[in-house]
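What TrEMBL says about this protein:
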- 6-271: domain 'CTP synthase N-terminal' (DOMAIN)
- Ser16, Asp152, Ile153, Glu154, Lys191, Thr192, Lys193, Pro194, Thr195, Gln196, Lys227: CTP binding site (BINDING)
- Ser16, Lys191, Thr192, Lys193, Pro194, Thr195, Gln196, Lys227: UTP binding site (BINDING)
- Ser17, Leu18, Gly19, Lys20, Gly21, Leu22, Asp74, Leu245: ATP binding site (BINDING)
- Asp74, Glu145: Mg(2+) binding site (BINDING)
- 307-527: domain 'Glutamine amidotransferase' (DOMAIN)
- Gly355, Leu383, Gly384, Met385, Gln386, Glu406, Arg463: L-glutamine binding site (BINDING)
- His508: active site (ACT_SITE)
- Glu510: active site (ACT_SITE)
Amino acid sequence: MQMAKKFIFITGGVVSSLGKGLLSASIGMLLENQGMKVAMLKFDPYLNVDPGTMNPFQHGEVYVTDDGAETDLDLGHYYRFTSSPLSKVSNTTSGKIYDTIISRERRGDYLGNTVQVIPHVTDEIKAAIVAGSEQEKGIDVVLVEIGGTVGDIESQPFMEAIRQFRLEHPKDCINIHLSYVPYLKAAGEVKTKPTQHSVQALRSIGIFPDLILCRSESPLGLAVREKISLFCSVPKECVLELIDLKETIYELPLHLTDQNLDKLLCSLLNLSCKKGNLTDWKKLVEKIKHPKQTLKLGLVGKYITHQDAYKSVCEALYHAGAVCETKVDIHGIESGQLEKNLSLDGCDGYLVPGGFGERGWEGKIAIAKLCREKKIPYFGICLGMQVMVVEFARNVLKLNKANSTEMDPDTPNPIISLLTEQEQIKNLGGTMRLGAYPCHLKSSSKAHAAYGETKISERHRHRYEFNNTYKKRCEENGLLITGTYSKEDLCEIVEMANHPWMVGVQFHPEFKSKLTAPHPLFVAFVQAMLKEKKGG
Ligand code: GLN
């Protein structure tokens, strides 16, 4: 007989940005290490239907799934730490819930009843939990991370829904609360009061945490944990610490198993506990902590001051670095500044990630020119590929006004442009080529050498495409098209001939890189930088 599905709800208190996403991902990983099949869900209380239209300065990266959902960046953590299915049902926002309810109300589906937060909104949230648990066969444990902080007005329906859910499945749910325990320098001690208050806030709405994780700068000590246990009514062995990990976030699951979190989870959920095996993971963490060499990588974008805007790109670089026993020092270069002053600080290679809009565009073109001329490794992702193509058209094909129609709709040489069938699109939300597309690789290309196969699948998020009118001229002059989506003859990969490694991809490989399975293109890029650094 299959055991009943188990549900873990993860809430946060005191302040945001405590690392709830990473904690959830690590818990998922520890459960998989116990032989469980997990599904990870993220509920975001904001009113946007999805984060697709949100400014990266406010929201960080938009993570795209195979089925084309534009989701919260925490799903990237889930991908990197677990094998959870990730799809449209994995990320639910208040906007999405209300959108469904209001459309239903307009159709008259509620048969004249008053539509209310309880039960209609909470029912819809509970239905989303169930949908997440049924997206694949054999899911044992569903982890539901609730975005925001307890006490926020907008998260209340989600809190209420998880309270009801536990009432309906009393034996199969647990609540984990992540709190913050600050160190007050003036008093010379850590303070537990904010944690006490956030647990009180939770309990006042009927949610009683089973485990409390305390984020703090340094270890808490038994006395502090006992105090939290007493005031928050949680056994002291269920008060754990989550200290700042200075070297790598990939140490988090190890830090948690050291405190027996896996055993505690199994006992709270009534699951039999196995020994588990984290040996391979530990080896990788050691590689990250003890690199043999360092590379300096220039990341050229307009959101570099926001640490989460290029999250998956940075993680993919660290993964590739780990396998090559190399520390990849990421050096953010603000593309807008580059337009005024091309000071480059001598990086071993440059990566131009995805992006939208004109600001910083010419600065990125300048970087591509420098990399092409000086034969410095260059990796262009999505917009970064378009940059590479436009630079080539202007400076090699001598079409000096060539551009993407995103930047100049009237360019005489629209080498990057919208597909005709897309030209009527007016709304900004949900109008892009999104999600996984197959790509065929040309044998003996750099991409083929990296992947080691000719058929791959990668995820997209863009509107503009390479314009095939220019294909022949590009190839004749040294810009090779080495990957295509054959069904619609769309260019997916370009490579510079006679260059150590200058590759642009229209898709986002960073979404599919893990520490245990670094993405082949990122590995090839890091290897190329190492080779060039050692003198080619
Ligand atoms: N702005 C470009 C486009 O829409 C690139 C998008 C991206 O880099 N994700 O095609």
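Using N, Cα and C of the backbone, Cβ positions are placed for all residues, glycine too.
Just so it is clear, the model here is predicted, and its values are computed rather than measured.
Location within the structure of each feature annotated in TrEMBL.
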residue: Leu18; record: ATP binding site; Cβ within 10 Å: 19
residue: Glu145; record: Mg(2+) binding site; Cβ within 10 Å: 29
residue: Lys191; record: CTP binding site; Cβ within 10 Å: 15
residue: Lys193; record: CTP binding site; Cβ within 10 Å: 12
residue: Pro194; record: UTP binding site; Cβ within 10 Å: 15
residue: Leu383; record: L-glutamine binding site; Cβ within 10 Å: 25
residue: Gly384; record: L-glutamine binding site; Cβ within 10 Å: 26
residue: Gln386; record: L-glutamine binding site; Cβ within 10 Å: 31
residue: Glu406; record: L-glutamine binding site; Cβ within 10 Å: 19
residue: Glu510; record: active site; Cβ within 10 Å: 27
Anything from the recorded positions Leu18, Gly19, Lys191, Thr192, Arg463, His508 with its Cβ under 6 A from ligand 1? List those in sequence order. Arg463
Compare the C-alpha of Thr195 (CTP binding site) with the C-alpha of each of the binding-site residues Leu18, Asp74, Glu145, Leu245, Gly355, and give the closest one. Leu18
Do me a favour and check the Cα-Cα span between Thr192 (UTP binding site) and Gly384 (L-glutamine binding site); whole Å is fine. 47
Would you count the other C-beta atoms found within 10 angstroms of the C-beta of Leu22 (ATP binding site) for me? 21
Can you grab the distance from Leu245 (ATP binding site) over to Ser16 (CTP binding site)? Cα atoms, rounded to a whole Å. 17
Would you work out the biggest C-alpha to C-alpha distance among Ser17, Leu18, Gly19, Lys20, Gly21, Leu22, Asp74, Leu245, the residues that bind ATP according to the record, and give it in angstrom as a whole number? 18
Please compare the binding-site residues Thr192, Thr195, Gln196 by how many other CB atoms fall within 10 Å of each one's CB, and tell me which has the fewest. Gln196
Looking at the binding-site residues Leu245, Met385, which sits with the largest number of other Cβ atoms within 10 Å of its Cβ? Met385
So of all those binding-site residues, Asp74, Glu145, Ile153, Lys191, Gln196, which one's Cα sits nearest to Gly384 (L-glutamine binding site)? Asp74
What are the sequence-distant neighbours of Lys20 (ATP binding site), meaning same chain, six or more residues apart, C-beta distance under 8 angstroms? Ile10, Gly12, Asp74, Glu145, Gly147, Leu178
Ser16 (CTP binding site): which of the recorded positions Pro194, Leu383, Glu406, His508 is the nearest Cα neighbour? Pro194
Find the average pLDDT over the domain 'Glutamine amidotransferase' (307-527) in the predicted model and report it. 92
